[in-house]
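Let me begin by presenting the structure, written as structure tokens, before commenting on it.
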Amino acid sequence: MKIVLANPRGFCAGVDRAISIVERALELYEAPIYVRHEVVHNRFVVEGLKQRGAIFVEELHEVPDDNIVIFSAHGVSQAVRKEAKERALTVFDATCPLVTKVHMEVARASKKNIEVVLIGHAGHPEVEGTMGQYASDSAGMYLVETPDDVIKLNVKDPSNLHYVSQTTLSVDETADVIDELRRVFPDIQGPRKDDICYATQNRQDAVRDMASQVDVMIVVGSKNSSNSNRLRELSEKLGTTSYLIDCPEDLKEEWLTDQAKVGVTAGASAPEELVNQIIEQVKAFGGTAVEELTGREENMFFEVPKELQIKTVS
């Protein structure tokens, strides 16, 4: 049984930056360091940071006074920022810069009293943070997930409308929603550049290229990872039986029985160390040669905050 590796796969620049922020804060300021929400949606990463002294909370009231708090890569609402400022908490912001770009689009529209439609999944922390950038009382912001949601949308002024999207969605499904928005609201405006992040796009393209070459697809990622779920869904849509797994123990031997080729990819929050562990498990179930496909080269890099760039405390 041949193992075929997607390329690119795994960590993106935003995830790298977010994890580095927590690691450097622990190095410079020592434990405990509080993190609002899982810094990235990967159980392996979160457990590793917990062992080093990071404490993950869902709300700021769980952070004691006079402590450091890190905002996760998914971003937070303006209300959360205001609360942190009022409590004089020391904040390091691990929000992905590509999410921040969407936040700025929403904030600009809000100041101009332009209504905004966000394409995204209800309940996802990125969506909650993005919705929380809108402050206009005279206009409104709306969340849609499917073309059917667009049909039901009742906006105040169809001629004064802008759309943005969650950064980790399915490229194809988002395009379908945008097409419906433009059909129903011909005057709607959108971002100059697609909000779907480069890493989400590249990993979906890699799965698209690989799905027809393998008999079964293993996607490495946590159940709460939006971009990992989209990879599994895309592979299934392309006709390849696919599974999302969090760790080597999740892999079932019967999935690989009588399969000639197994594809392996990973969501943007899954580390290569975990991918390697899962490859070893595939080998234990009969995997032999490993082939890594060629793919789009990624050289994106995001700096950590300057306060965390020093190596030692002076």
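Cβ atoms are placed via backbone N, Cα and C, with glycine included.
Summarising the annotation, Swiss-Prot assigns [4Fe-4S] cluster binding site to Cys12, Cys96, Cys197 and lists sequence analysis as the type of evidence. The Cβ of Cys197 ([4Fe-4S] cluster binding site) lies under 8 Å from the Cβ of Cys12, Gly14, Cys96, Leu98, Thr167, Thr168, Ala268, each of which sits 6+ residues away along the same chain. Under the three-state DSSP scheme, Cys197 ([4Fe-4S] cluster binding site) falls in the coil class.
Sequence annotations record features per position, and here Swiss-Prot assigns dimethylallyl diphosphate binding site to His41, His74, His124, Ser225, Ser226, Asn227, Ser269 based on sequence analysis. Taking a C-beta cut-off of under 8 angstroms and a sequence separation of 6 or more, Ser225 (dimethylallyl diphosphate binding site) has the following same-chain neighbours: His41, Asn42, Gly267, Ala268, Ser269, Ala270.
Secondary structure from DSSP puts Ser269 (dimethylallyl diphosphate binding site) in coil. Under the heading (2E)-4-hydroxy-3-methylbut-2-enyl diphosphate binding site, Swiss-Prot lists His41, His74, His124, Thr167, Ser225, Ser226, Asn227, Ser269.
Annotation comment: Swiss-Prot describes His41, His74, His124, Ser225, Ser226, Asn227, Ser269 as isopentenyl diphosphate binding site, evidence class sequence analysis. In the three-state DSSP scheme, His41 (dimethylallyl diphosphate binding site) falls into the coil class.
Glu126 (active site, proton donor) falls within a helical segment according to DSSP. Cβ environment of Glu126 (active site, proton donor): His74, Gly75, Val99, Gly120, Gln166, Thr167, Thr168, Ser226 lie under 8 Å away, each six or more residues apart in the same chain. Among the features that Swiss-Prot reports, active site, proton donor is placed at Glu126.
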Near-site residues: isopentenyl diphosphate, ref His41, His74, His124, Ser225, Ser226, Asn227, Ser269, CB cutoff 8 A to centroid: Val40, Glu126, Thr168, Asn224, Ser228, Gly267, Ala268
DSSP-derived class (H/G/I helix, E/B strand, else coil) of Cys12 ([4Fe-4S] cluster binding site): coil
[4Fe-4S] cluster site, defined by Cys12, Cys96, Cys197: further same-chain residues with Cβ within 8 Å of the Cβ centre: Ala13, Gly14, Val15, Ala73, Pro97, Leu98, Val99, Thr167, Thr168, Tyr198, Ala199, Thr200, Ala268
Count of other CB atoms lying within 10 Å of the CB belonging to Cys96 ([4Fe-4S] cluster binding site): 26
For the binding-site residues Cys12, Ser226, the one whose C-beta sees the most other C-beta atoms within 10 angstroms: Cys12
Intrachain C-beta neighbours of Asn227 (dimethylallyl diphosphate binding site), sequence separation six or more, cut-off 8 angstroms: Thr168, Ala199, Thr200, Arg203, Gly221, Gly267, Ala268, Ser269
